[in-house]
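In what follows, a structure is listed as structure tokens, so that the remarks can point back to it.
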There are 2 protein chains.
Amino acid sequence: MTVSDIGEAGLLERVFPRLPESRVTLLGPGDDAALVAVRGGRVVATTDVLVEGRHFRQDWSSPRDVGRKAAAQNLADVAAMGGIGTALLIGLALPGDTETAWVDAFYDGLREECELVGAGVVGGDLVRTDHGITIAVTALGSMRGREPVTRSGAKPGDVVAIAGRVGWSAAGLAVLSRGFRTPRALVDAHRFPVVPYAAGPAAADLGATAMCDVSDGLVADLRAIAVASGVSIEITTDVLEVTPQMRDAATALGVDPVRWLLDGGEDHALIASFPAGTELPAPWLTLGRVVRGRGVYVDGQPSSDQGFDHFR
Amino acid sequence: MTVSDIGEAGLLERVFPRLPESRVTLLGPGDDAALVAVRGGRVVATTDVLVEGRHFRQDWSSPRDVGRKAAAQNLADVAAMGGIGTALLIGLALPGDTETAWVDAFYDGLREECELVGAGVVGGDLVRTDHGITIAVTALGSMRGREPVTRSGAKPGDVVAIAGRVGWSAAGLAVLSRGFRTPRALVDAHRFPVVPYAAGPAAADLGATAMCDVSDGLVADLRAIAVASGVSIEITTDVLEVTPQMRDAATALGVDPVRWLLDGGEDHALIASFPAGTELPAPWLTLGRVVRGRGVYVDGQPSSDQGFDHFR
């Protein structure tokens, strides 16, 4: 039996029971990030691995893009807990023939993204590989006294809202996959996301009951909240914008742009549930509500989306 | 110009100035681990990447061995600061045809090693790769109120001491490389190290002025302390044990076992400097002393060892 046979969920089922626990584990695996007790405090921690050819392609993304994306997807995980990224550790496996200019530009991109939240790079490891580039980023973050917002606190009656873009990265990927390099805004969105970092801590302050970032797809990540919280989520798509560029690209490619909105990942928007009646300031937009039951309903229809499986 | 052209040191020279800084960075890149301020406290953090075929081979190491080694080399970095590992994050890039039994045993090994210090696994990422297995481990740790022991505090007059084994892993690698599977003790030592974790915090309590773990080789890592501290280090080899098994293996392979002791990495012994007159309890053994000047001297001779370069 191989990891492809059982897929990501099957793999996690086998791995989780094997993981050692520690009394410093305030919040362990399974959410966007962990919360670790330290003497006198606590720290948010999360890690992500990017593999060349699967998570980025050198012919589509510049090294600066890859650096920004590598930092962004980890800093987004910290924001999705209601925290602020403070420190990154970068593990980098490089083929021996990697151009030093690639490495320079990668770290330049990493720094640009870190500067958006004031995070530093505090450590790392550089090793040689005989294969493609593999990047492992760990982000540490601060809750600044806030309680972490997990995926499991959504309650029937809550409103569901979104901050940030969806569908842009998926549209950009579709365009690139067909050999086009425009519309530029969509292609750029695939190269690295524009993450609404401040909306994470703001959501925590507004009393968010559950939150995560959209990394696998809007419906897939809403489902993650619904499953973790034991609730159903109903959304309508009218609040989600199909931009003119997205509509043009979809027409040119002969696809339905709404699928990009619902199934596209990697834009790292934040989605959260809030108690009914919460006044939501920009950039939060109300998307739907939490009800009793199971599953995710889109415009009244049950969604059968299964999300992105990293092993299938 | 490629990363092979400039090597690890050249690469680090380009990368370091590019790294963003943050006010939470109490101790940044360049030591065994970083120290990060968190609200009300601070946390030790370090990361390492292991690439199949370079850092482990599936025909030589079981998945349990690889799990132990992956945890051990990161927990050793925390110990080398005088800290205790508390939490690990595991990034794992796996080919789709990886047997699930491999993954199970890998995490079992990881857990066994973590249990030696009471560390938990708090997070991770599982992704698919089209190449060999790549493992990225980040360890967080606690100083328990101690000050971190960096590489840069050694002073002329200090004694230099070692805790733990050297040469065992290198001897085991030499044996395996020639197609042998015995002596078992040496081969096992290559598969995963036996790290004297408690000796790290103990050294901090004893007033250690500098410390690091032996990951690249005894002379190379002594040189790291000497360079960081602006001093010279003199050691004698008489205190280092060439075990009967090591001697027999060296004779069979026609090599000098003292090279294993001086140049062999990956046993993750701890080396430290202490103020003259410090009473050193077991497992610490005095190895030499810190003097004014530059370089590392072994039995009175300048050592020209350049250490292990990950990119050459």
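In case you wondered, yes, glycine gets a Cβ from its N, Cα and C as well.
What you see is a predicted model, and the numbers here were worked out from it, not measured in a lab.
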Site-mate of B:T46, B:D77 for Mg(2+) 4 in TrEMBL, selected among B:D31, B:D32, B:D97: B:D32
Rounded distance in angstrom between the Cα atoms of B:S215 (ATP binding site) and B:E266 (substrate binding site): 5
Other CB atoms, at most 10 A from the CB of B:R151 (ATP binding site): 23
Cα separation, B:D48 (Mg(2+) 1 binding site) to B:R151 (ATP binding site) (Å, whole number): 18
Candidate binding-site residues B:D48, B:H55, B:G124, B:D125, B:E266, pick with smallest Cα gap to B:D77 (Mg(2+) 3 binding site): B:D48
Under 8 Å by Cβ from B:Y107 (ATP binding site), counting only residues of that chain that are 6 or more apart: B:G67, B:V121
Cβ within 8 Å of the mean position of the Cβ atoms of B:D32, B:D77, B:D213: remaining residues of the chain near Mg(2+) 3: B:D31, B:A33, B:T46, B:Q73, B:A76, B:V78, B:A79, B:A80, B:M81, B:C212, B:S215, B:H268
Of B:D48, B:S215, B:E266, chain A-adjacent binding-site residues (C-beta under 8 angstroms): B:D48
Nonlocal neighbours by CB distance (under 8 Å) for B:H55 (substrate binding site), same chain, sequence gap 6 or more: B:V49, B:K69
Shortest C-alpha distance to B:T47 (Mg(2+) 1 binding site) - which of the binding-site residues B:D32, B:G124, B:E266: B:D32
